[in-house]
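Engineer: One structure coming up, written as structure tokens, with questions to follow.
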Amino acid sequence: MKSGFVSIIGRTNAGKSTLINSLLEEKIALVSHKQNATRRKIKAIVMHEKNQIIFIDTPGLHESGATLNQLLVQSAIKSMGDCDVILFVASVFDSTKDYENFLSLNPQVPHIITLNKVDLTDNATLLKKLSEYAKFSQHFKAIIPYSSKKKSYKKGLLDEIVKYLDEHEYFYDPEFLSASSEKEIYRDFILESIYENLSDELPYSSEVLIHRTKDTPNLLILEANIITDTNSHKGMLIGKEGATLKRIGKDARFKISKLAQKKVLLKLFVTVKKNWQKDEEFLKKLLNDEN
């Protein structure tokens, strides 16, 4: 029996959250085509042949001077020292420059490269990309092609990860899907629905705080505040006669209900907090709040 923690590292939009959901065969991680969508570390628990692997989905590595983005990158880098294995995820279409930047961080634990999205390319392109990474072979333990859409890739990746885990009793109940709180996952589902329903820039000025939950056998009640930085953004989030907010709520309620396996009553409010992305104390509390 082995058990351990695996940090998923990579650039924004490399497909890290989609990979987690595919390994778990359940949606718990926020997925968006927009960059820097992941803000909090999600811990997904995957059981593989009596071994327990806890995957930590981290914010994407990127360069930015914004306070929020700096804290996100710091969170990702910190997770590299708090794990047993690093899974470096890169799209098969990305250059090796991101991997070189990752190596410059001097990772101290074994790492595996996962070339994602291989279902979108041909064998010749994949072989060419594998040869480009070959010059770094002294650094990584393995390089594994992967597709989140095809289950046939799953076993090979999990087998490779288990090789580098220590013998250890389970850290969590093997029936659990995640070590993250349900509230944290629901919050990300709401944020994901904002991303899906609004233009490219507005979602980045928004955050979600769930301030009330009531869970009964047949009904889950949630009340959440969507925080944004200007009155004009508040108006866009609400929409004409509340249409946009209703659409966000409908989408989020569907995702939450599917995971919770019960009816969901979701009440959304929109609050303006100017310059919240520059308030370091607020951001630290926000990013570390799992209650």
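Cβ coordinates are placed from backbone N, Cα and C, and glycine is handled just like the others.
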Engineer: Under Swiss-Prot, the annotation region 'G4' belongs to which of these stretches: 116-119, 128-131, 216-219?
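Structural biologist: Feature region 'G4' in Swiss-Prot: residues 116-119.
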Engineer: For the region 'G3' entry in Swiss-Prot, name the matching range from 57-60, 149-152, 165-168.
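Structural biologist: Going through 57-60, 149-152, 165-168 one by one, Swiss-Prot gives region 'G3' for 57-60.
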Engineer: My understanding is the cutoff is Cβ-Cβ under 8 Å with a sequence separation of 6 or more in the same chain; which residues meet that for Val118 (GTP binding site)?
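Structural biologist: Correct list: Val92, Leu126, Pro145, Tyr146, Ser147, Tyr153.
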Engineer: Tell me the residue counts in helix, strand and coil for the region 'G4' (116-119), as DSSP assigns them.
Structural biologist: 2 helix, 1 strand, 1 coil
Engineer: Reported in the order helix, strand, coil, what are the DSSP residue counts of the region 'G1' (10-17)?
Structural biologist: 2 helix, 1 strand, 5 coil
Engineer: Out of Asn13, Thr58, which of these binding-site residues shows the lowest number of other CB atoms within 10 Å of its CB?
Structural biologist: Asn13
